Amino acid sequence: MAAPENQADFTPHSPAPSVGSHKSMDTGIEADIKELLRNLPSKTDLTNMLGKLEATFQSKMEAMGSDINQVSLRVTDLEDRRDVLQAQMTNLSSTIETKSHFMSSMQRQMDDLDNQGLQK
């Protein structure tokens, strides 16, 4: 029996890579890796960046602490004012109550005088 004409040819179309071309591919990858490593920051660069970051963080924290202190002072001032106003309100309420009793008493006395005048 003869082999069919449309049977696929299983022979390689390109020659297998030689040992030399494999090394050149490794050399290209190694060159890329070396380039990437060269572009990485050094220990000194990282130390400097970390120092700048720490300084920035410290200044921001100090500013935030200052803001918190200012807010605390304002809250304390508001609480003091509230206490003064509460005392004034208590005094005013007491005064109003006293005046109200006084006015009621005066009204009763006036009514009594009117009634006495009508009876005479």
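Going from the start of the chain as shown, residues are counted 1 onward.
Backbone N, Cα and C atoms are what each Cβ position is placed from, and that goes for glycine too.
Note that TrEMBL annotation is computational and uncurated.
What TrEMBL records for 1-27, 99-120 is region 'Disordered'. According to TrEMBL, the coiled coil annotation covers 68-95. According to TrEMBL, the feature compositional bias 'Polar residues' maps to 99-108.
Under 8 Å from some Cβ of the region 'Disordered' (99-120) lies no Cβ of any residue in the same chain that is six or more residues away from its ends. Across the region 'Disordered' (99-120), DSSP classifies residues as 21 helix, 0 strand, 1 coil.
Each residue in the coiled coil (68-95) has a pLDDT score, and their mean in this model is 97.
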